[in-house]
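A short write-up of the structure that comes next.
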């Protein structure tokens with residue numbers, strides 16, 4: 001996998017894909033969707049699809065693909081190499097979503113939670129396969145949230161495709177197992193080759209599993225939190241674990257244009273039409289407060 005695009009800019013997302021096998025543009029195909037790295041506080045989340053013709057599904061099963069969580073790293077790598085050798089009938093594509101993208105989406109003024117981000121990413125990958133000419137006939141997805149709701153949403157989006165959404169689909173359907181292997185191999189590589197734009201002193205590569213409840217991960221976060229600027233972009237700062245460490249280890253910030261506790265909001269509507277003096281100064285609209293805009297007094 002070529003991660004040069006991610007190396008150049010690891011603040012957003014990047015898409016990687018294999019060539020589309022010619023047979024996948026000619027015959028009805030089955031497509032699986034799965035992710036890796038949804039829960040960790042460190043590193044990206046990766047969504048992947050894997051597809052092959054329905055007529056070659058038995059050949060995919062013969063590769064002995066399985067849920068990536070049940071396999072060792074070396075076993076996953078070997079299986080991915082096997083899939084790469086079978087490019088004549090197996091294709092894949094994946095989206096790498098950076099920690100920065102995940103956190104800024106979740107903490108933006110318009111909230112975009114992890115489930116919605118996951119659903120939209122999976123939908124985008126299925127659409128990508130269709131745009132590349134893959135004749136997708138069946139889609140199997142490892143669920144995020146309620147499978148019935150998720151399946152209904154995907155079925156409405158792709159009415160001409162048979163969609164199945166199940167919990168633990170990566171253990172039930174070989175094509176989803178293959179997608180889970182692609183996602184996990186990609187995340188492992190992205191984490192190992194992560195380019196830290198921050199100049200960190202004594203960078204410790206041993207951060208444990210990356211999950212919030214791992215003592216090694218918590219120790220790594222405490223070591224690499226900067227009192228003023230917070231965490232490196234490798235960290236999902238929207239996770240509660242990261243926020244708690246920021247509150248304890250980092251400096252508090254008071255913004256000059258923040259509304260303080262002794263300032264009141266707008267009064268009753270009729271107070272704007274009264275002739276008497278205003279008891280409290282009128283605050284600008286929230287739009288101007290959030291952007292730090294003030295009325296110009298001198299041009």
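Quick reminder: no glycine exception, Cβ is built from N, Cα and C everywhere.
Positions annotated as divalent metal cation binding site by TrEMBL: 34, 35, 142.
Positions annotated as domain 'RNase H type-2' by TrEMBL: 28-251. Mean pLDDT for the domain 'RNase H type-2' (28-251) in this predicted model: 93.
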(message) At a 10 A cut-off on CB-CB distances, which of the binding-site residues 34, 35, 142 has the highest count?
(response) 34
(request) Starting from the Cβ centroid of 34, 35, 142, which together make up the recorded divalent metal cation site, report each further residue of the same chain whose Cβ lies within 8 Å of that point, ordered by sequence. (result) 33, 36, 47, 48, 122, 141, 144, 169, 170, 176, 179, 180, 183
